């Protein structure tokens, strides 16, 4: 498993660069703004990723929260278990909080789109269809305000994964092949999320819709990991292991 160790060390070296993790929220904001501005020029050519049925979108982004939980759950448990089972379970409760945030925001976005839209079929409004789902099932087009759920979810997921992976950068004991494989997989998912976030900004939605989704994703991360989690009555922050002398 020497190859895995090499890959782990390369990712560790990357995340030890202060700019990478500390400026990640600003990177998402910049990508959202620049990508949306590029889209507004209408000069971007059609590519494989401009089709929403591309492989990464269909099998990763559309079930992105499932991938996030699948990889983060065992990782958080294993990286914290050696300190204490109680602390590991406390830290895993952060995923319950994150899932509640994901569900609340996405359902709110759906509600806003339904509340602000009208169904059109053959350019004729059909007010009997009051939701996007019913409208599309009837063969119509819905024109509600569509805050980018992809921008929200991909930025939020990548930010919390980066936070939870942070202890690996200073971990010199209690590492094992399972933990290393999870770490490599989580980094792979973050790379996919950033790439698909860029594609969302360039090919889908508009400046405000992408921007709002991104701001809400960053806000959800900031309120939890920077405001609430440092406090005693919270899931707590990931531990930073002390280097062995």
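Residue numbers in this text run from 1 along the chain shown.
Backbone N, Cα and C define each Cβ position, glycine as well.
Curation does not apply to TrEMBL; its annotations are automatic.
Note that the coordinates shown come from a computational prediction; the quantities given were computed from them, not determined experimentally.
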### Query
Of the ranges 24-44, 129-149, which one does TrEMBL list as transmembrane segment?
24-44
### Highest-contact recorded stretch vs the transmembrane segment (181-204), from 64-81, 93-112, 211-229, CB pairs under 8 Å
64-81
